[in-house]
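Colleague: For reference, the structure I am asking about is given below.
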Amino acid sequence: MTDTQDKNYIIALDQGTTSSRAIIFDRDANVVGTSQREFAQHYPQAGWVEHDPMEIFATQSATMVEALAQAGISHAQVAALGITNQRETTVVWDKETGRPVYNAIVWQCRRSTEICAQLKRDGHEDYIRETTGLVTDPYFSGTKLKWILDNVDGARERAERGELLFGTIDTWLIWKLTGGKVHVTDYTNASRTLMFNIHSLQWDDKLLEILGIPRQMLPEVRPSSEVYGHTKSGIAIAGIAGDQQSALFGQMCVEPGQAKNTYGTGCFLLMNTGDQAVKSSHGLLTTIACGPRGEVAYALEGAVFNGGSTVQWLRDELKIVNDALDTEYFASKVKDSNGVYLVPAFTGLGAPYWDPYARGALFGLTRGVKVDHIIRAALESIAYQTRDVLDAMQQDCGQRLSELRVDGGAVANNFLMQFQADILGTCVERPQMRETTALGAAYLAGLACGFWSGLDELRDKAIIEREFSPQLDETQKEKLYAGWKKAVERTRDWEDHEA
């Protein structure tokens, strides 16, 4: 705990894939200052994605200064700082100079595909799944780190001599903000590295050996809510969580069975499973989230590949809407989709199907189908895919979802939110505060330093702007969903495997 009596603000740093943001909250969790800066995306080869870690730190530092200036407050009035970040993105730097030895390898980057294939050939897939809760995929940090050590001249030797440090973006920012004094991460970020045992809560020696990672490179792993150190200007750094886990906490989904969906380009669904690390039978990830005091809780995570991107396709490729916001109007003009289903398997299907060979399709077309029906079917597809993942989660953990909390750009679409409630048969709650990812980091930091007294105080601040209650009867709901499942089956295994 620190003395926060005269300090009435918390800063959340939200370090994302395309931009760095700083958001300042007051004691009522109102936003009083914001700043955002984009940074460059580097694509050195097809399927490769990199960021410059120095540019990430520079943009993040600048947004802090700008947000403070906008709010008209000084560092001395800030009780603590919380960090939420793009997960899995990997940085390796020289601990003496603070200079990266290579660009950050971003979560989207697929360069370590062959490393993952070799891990599977060597029979490590089941051990990785059991230990980390993750699938053997280039998405996660461990194989990215191995690639850097294997491909940057002298990196492996220097790492073994203890000269290099590894971190995800949270670790990198804290190391820079503290002037190289603190090398730390939290459990949520560690759980995304493919090197962390989510049951023992330790770096896993066998996985480090398999990947050839020197243990001395790795940060200390701590809870998501505690004081880790101080910035050079004296602000306590007191909260860390990966972006999706931070949104889960910002939505106050801290009890088992509570879930949130972030509707972005894709959709990220997380369900809190409490102290049970539930192993999925449906290809969902088992990951670490934040409990009521920022301690370790477990969650199931599933991703829908094409959510908001389906609406972008209507706008940019088909050109049947001028603005994503117009889709609500057109979808509401017709009483139903007239039997049309759009399956947006543009890049295959994610959870729970995991079919990279599926391709998108429109079904149920007749001469009576209008553009409005197709627009409606596109929005409905986002809700159907969300149900696919939530049904899998409920089957895995044996818990019934009481309500779904929502955030992200598409939640402004009232038609989509109502149809989501209808097809789930569950209330959908849209919060007044849309900045739930940054809010989660602020809450974690504020709890650690005594800025907020506890969960009850935070729950009082979680104002639901609108609740969407299901309006379809059970027969209608299941008939519509059966049509969706039939449509999905017709898209499966479409692409030739050799293609």
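Cβ atoms here come from the backbone N, Cα and C positions, even for glycine.
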Colleague: Among Gly308, Gly368, Gly454, indicate the single residue that Swiss-Prot lists for the ADP site containing Thr17, Arg21, Thr265, Gly409, Asn413.
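Modeller: Of Gly308, Gly368, Gly454, Gly308 joins Thr17, Arg21, Thr265, Gly409, Asn413 in the ADP site that Swiss-Prot records.
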Colleague: Given that Swiss-Prot assigns Arg87, Glu88, Asp243, Gln244 to the glycerol site, pick the one from Tyr43, Tyr127, Tyr139 that the record assigns to that site as well.
Modeller: Tyr139
Colleague: Can you tell which of Thr18, Ser19, Gln244, Asn413 has the least company, meaning the fewest other C-beta atoms within 10 angstroms of its C-beta, among these binding-site residues?
Modeller: Thr18
Colleague: Would you count the other CB atoms within 10 A of the CB of Arg87 (sn-glycerol 3-phosphate binding site), including those on all shown protein chains?
Modeller: 25
Colleague: Please determine which of the binding-site residues listed here (Gly308, Gly409) has the lowest count of neighbouring CB atoms within 10 Å.
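Modeller: Counting other Cβ atoms within 10 Å of each of the binding-site residues Gly308, Gly409, the minimum falls on Gly409.
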Colleague: Cα-Cα separation of Gly308 (ATP binding site) and Arg87 (sn-glycerol 3-phosphate binding site), in Å?
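Modeller: With the alpha carbons as reference points, the distance is 20 Å.
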Colleague: By the count of other Cβ atoms within 10 Å, pick out the sparsest of the binding-site residues Thr17, Glu88, Tyr139, Asp243.
Modeller: Thr17
Colleague: Among the binding-site residues Thr265, Gln312, which residue has its Cβ surrounded by the fewest other Cβ atoms within 10 Å?
Modeller: Gln312
Colleague: Taking 8 Å from the centroid of the Cβ atoms of Arg87, Glu88, Tyr139, Asp243, Gln244 as the cut-off, which other residues in that chain fall inside it around the glycerol site?
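Modeller: Here the nearby residues are Gln86, Trp107, Arg192, Gly242.
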